[in-house]
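S.K.: OK, Swiss-Prot features for this one:
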| type | residues | note |
| --- | --- | --- |
| BINDING | Gly18, Gly19, Gly20, His21, Ala22, Gly23, Val130, Ser185, Gln374 | FAD binding site |
| BINDING | 277-291 | NAD(+) binding site |
Amino acid sequence: MSKKSKNSSIEFDAIVVGGGHAGIEAVYALLKKKLKVVLITLDKKKLASMPCNPAIGGPAKGIITREIDALGGVQGKFSDLAMIQIKYLNESKGPAVLAIRAQIDKEKYSKLILKDLKKQENLLIIEDLVSELLVEKNRVFGLKTAKKQVFFSKTVIITTGTYMDSKVLRGSLAIPSGPDGQQTSNLLSNNLKRLGFELQRLKTGTPPRIFTSSIDFSKVEKEVLPVYNINFSFQSKHKIKKQISCYLTYTTAKTHDIINKNLGKSSMYSGLISGVGPRYCPSIEDKIVRFSEKPRHQIFFEPETKKQDIMYINGLSTSMPEDVQLEMVKTIPGLENAKIAKFGYAIEYDALNPLELKKSLETKKVKGLFMAGQINGTSGYEEAAAQGLVAGINAGQFVLGKKPVEILRNDGYIGVLIDDLVTKGTKEPYRMLTSRAEYRLILRNDNADIRMAKYALKSGLISKKEYLKIKAKYAKIDRKILELSKEFVSPKDELAKKYNLEKRISKLKLISWPNVNFKDILPDFEFGYELTVMARLKGYIQKQNSEAQKMIRLEKLLIPGDLNYEKVANLSSEALDKFQKVRPKTIGEASRISGVNPADIQMLLFHIKVLKMQKVSKI
């Protein structure tokens, strides 16, 4: 790597600011493209840390992690190596919403990533704080740090999470700090404001942690799980041998009384917090106020590491003062003698308005500047990692002079996530839900590999050989489906007796029945589950694919980049405002902007058609 004599500055292809889940994925994506990268982080021992729950996956989120893996990312691989428990969620609700969730040894996870990154060529890890982006003629060319270092690069990816001008809040205390007592980065926040970026205040929180030795496990319910032979990563061979349990208990009437009596002491309810919190992960104070009719709320004890010395108290996120936290904790069965290892807190921070972004996650204002993760208004490790991977891919494409990679809504939850952010924006921490995806029957846990394959190949994150291997897998499934359609079970066969068949039926039709175990028909076929899902959902899949094609046609209708929306006749005032702010690239994007109605789209289409006719008439 070439060093410049002035200011000890160094030239790189890309700089990644922040070593959280988004930053790590961005780094790996860039390294896979053979680019020279510097990662600037506050503490390299806390790479991809888990300051909130020690888990990866869950409804929709687990599918995102599978997509990250299929796209060439690393979250799934490292989760498999660090997991202490893994399970399926929503098994009874069908394959469209089936997802994986794993408890992670958070310390091991960070150590594995640091160890692996130390082996990587073309990577320099710096412990520092970014103070200023270097921008000239609306293009980023490097940055300065708090330690007076200067780095030049062709692109910069900001993945600062909840650290920008962040405050940790507990009771009446408001301390300038990042999560886990780390330094806040108000210098970068102020710099972004000076560059004209629109920032907003958001809030999240975390519960207290309890020393395991102080818990009375005789008063709580132990989660008993089978040993699932599953992984996040399609490539992983690591299997968990023993499931470490979580535990369930509940709040009590006494818990609720203490919270109600002390609401005014909560940072959230005292007016100390101005940021908007996550709708789908409310604090215990919010639960008691919003759901006052409920006599109790679930509380889960989740081990933070394999040592199991500290438990994360899921469901008890709070910004109460320490004395109130201790008082309410002791009213929960199993925690009467609890000793708190770390008190809960709320954290308020600056986040970018994601309408400032293109679908590539490059900013509209500054070329070569990309944003990913919680800085874009999302919540969750999985959502952050997905954005980091996409930003890393597209920063690499930018450096190499190639077109950006943009994942469509019908191809992945990652596509839904980014499309929602850049077309609708968000005023609260955005969490991925299966209900946000209109094509969720085709965005399943089992088929993430084939859905992401073309994007991974285009990105250069998988080889042509790996791509063809995935294609061969599904070709094999298609051939087996054809075979089963030609093979029949008669009423005299043993299989017919097991399932009370009264007439001859094809094996394909039989396997599509919900009560049939596919292993009875395909005992040795390695992709039996995938085939069964395809057989059972065939009609629904065809319908959603047809609907997706309509969406794709709208995506192909481009909107001129210099279009003057004020000249579009009969647009609603809200549509005009949103179009000018978002500046959608396609009619498809325009149609998904909140507040835009079908009449606005018709007016826009008509205006573009007139412009095209005027151009033709001038020729």
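Cβ atoms are placed via backbone N, Cα and C, with glycine included.
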S.K.: Please work out the number of neighbouring Cβ atoms within 10 Å of the Cβ of Gly20 (FAD binding site), leaving out its own Cβ.
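M.R.: Its Cβ shell of radius 10 Å holds 28 other Cβ atoms.
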S.K.: Of all the binding-site residues given, namely Arg279, Glu285, Phe291, which is spatially nearest to Gln374 (FAD binding site) at the Cα level?
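M.R.: If we rank Arg279, Glu285, Phe291 by Cα distance to Gln374 (FAD binding site), first place goes to Arg279.
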S.K.: Identify, in sequence order, the residues in the chain of Ser283 (NAD(+) binding site) that are 6 or more apart from it along the sequence and have a CB within less than 8 Å of its CB; answer 'none' if there are none.
M.R.: Gly205, Ser266, Met268, Gly277, Ser317, Thr318, Ser319, Ala346
S.K.: Rounded to an integer, what is the Cα-Cα distance in Å between Gly20 (FAD binding site) and Phe291 (NAD(+) binding site)?
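M.R.: Cα of Gly20 (FAD binding site) to Cα of Phe291 (NAD(+) binding site) measures 34 Å after rounding.
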S.K.: Between the binding-site residues Gly18, Ala22, Val130, which lies closest to Phe291 (NAD(+) binding site), Cα to Cα?
M.R.: Ala22
S.K.: Can you check what DSSP calls Gln374 (FAD binding site), collapsed to helix, strand or coil?
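M.R.: Note: Gln374 (FAD binding site) is helical by DSSP.
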S.K.: Looking at the binding-site residues Gly18, Ala22, Val130, whose Cα is closest in space to that of Cys281 (NAD(+) binding site)?
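M.R.: Comparing Cα positions, the closest of these binding-site residues turns out to be Ala22.
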S.K.: List the same-chain residues at least 6 positions away in sequence whose Cβ sits under 8 Å from the Cβ of Glu285 (NAD(+) binding site), in sequence order, or say none.
M.R.: Ile259, Leu263, Ser266, Met268, Tyr269, Thr318, Ser319, Met320
S.K.: Highest Cβ count within 10 Å among the binding-site residues Ala22, Val130, Cys281, Val289: which residue is it?
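M.R.: The most densely surrounded of these binding-site residues is Ala22.
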S.K.: Return the single residue from the binding-site residues list (Arg279, Lys287) that has the minimum number of other CB atoms within 10 Å.
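M.R.: Each of the binding-site residues Arg279, Lys287 was scored by Cβ atoms within 10 Å; lowest is Arg279.
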S.K.: In the structure shown, which of the binding-site residues Gly18, Gly277 has the fewest other Cβ atoms within 10 Å?
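M.R.: With the binding-site residues Gly18, Gly277, fewest surrounding Cβ atoms within 10 Å: Gly277.
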S.K.: To the nearest whole angstrom, what is the C-alpha distance linking Lys287 (NAD(+) binding site) and Ala22 (FAD binding site)?
M.R.: 30
S.K.: Measuring Cα to Cα, how many angstrom lie between Arg279 (NAD(+) binding site) and Ala22 (FAD binding site)?
M.R.: 22
S.K.: Nearest of the binding-site residues to Val289 (NAD(+) binding site) by CA-CA distance, picking from Gly18, Ala22, Val130?
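M.R.: Closest by Cα distance to Val289 (NAD(+) binding site) among the binding-site residues Gly18, Ala22, Val130: Ala22.
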